[in-house]
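For reference, the structure is listed below as structure tokens.
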Amino acid sequence: MGFRRLSFPTDFIFLFPNHICLPALSKPYQRREISSWLARWFPKDPAKPVVAQKTPIRLELVAGKTYRWCVCGRSKNQPFCDGSHFFQRTGLSPLKFKAQETRTVALCTCKATQRPPYCDGTHKSEQVQKAEVGSPL
């Protein structure tokens, strides 16, 4: 009677699928990667954000209020999320932020900003100006 030597950790997963906490892999990102069989067999890269508009939207944010800025660019309620990312299966999710003080700000709608959710002037670049509204950069 002989035992087959396991080539750890992949054989361990198939022999004992209910054990997701492997001692050799104690970091959370590794545990999630191993336990998610769906992601392993059906990988899905997130879609690229699309240009919603080529100019920012200026509005007043109220202190203490939480906002959800649309990252995917598909929302009909720009610059805020309306859940379109979920129904179109983009793999993206909104950026949740809380206003620290009441003030007027420019929120990005080209989705190319380096300081989300705030506009940094990237919409003036040639790449954004050449892109069509509704197309990815």
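Each Cβ is built from the backbone N, Cα and C atoms, and glycine gets one as well.
Quick look at what Swiss-Prot annotates:
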type	residues	note
BINDING	C70, C72, C81, H85	[2Fe-2S] cluster 1 binding site
BINDING	C108, C110, C119, H123	[2Fe-2S] cluster 2 binding site
MOD_RES	K65	N6-succinyllysine
MOD_RES	K65	N6-acetyllysine
MOD_RES	K96	N6-acetyllysine
MOD_RES	K124	N6-succinyllysine
MOD_RES	K124	N6-acetyllysine
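Location within the structure of each feature annotated in Swiss-Prot.
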| residue | record | DSSP class |
| --- | --- | --- |
| K65 | N6-succinyllysine | coil |
| C70 | [2Fe-2S] cluster 1 binding site | coil |
| C81 | [2Fe-2S] cluster 1 binding site | coil |
| K96 | N6-acetyllysine | strand |
| C108 | [2Fe-2S] cluster 2 binding site | coil |
| C119 | [2Fe-2S] cluster 2 binding site | coil |
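Listed in sequence order, the residues K54, T55, P56, A106, T109, K111, A112, T113, D120, G121, T122, V128 complete the 8 Å Cβ shell around the [2Fe-2S] cluster 2 site centroid, once C108, C110, C119, H123 themselves are left out. In terms of Cα distance, none of the recorded positions chosen from C119, H123, K124 sits within 10 Å of C70 ([2Fe-2S] cluster 1 binding site). Here C110 ([2Fe-2S] cluster 2 binding site) comes close to V51, A52, Q53, K54, P56, T122, H123, V128, L137: these same-chain residues lie at least six apart in sequence, with C-beta atoms under 8 angstroms from its C-beta. C119 ([2Fe-2S] cluster 2 binding site) sits 16 Å from K96 (N6-acetyllysine), taking the C-alpha atoms as the reference points. H85 ([2Fe-2S] cluster 1 binding site) sits 26 Å from K124 (N6-succinyllysine), taking the Cα positions as reference.
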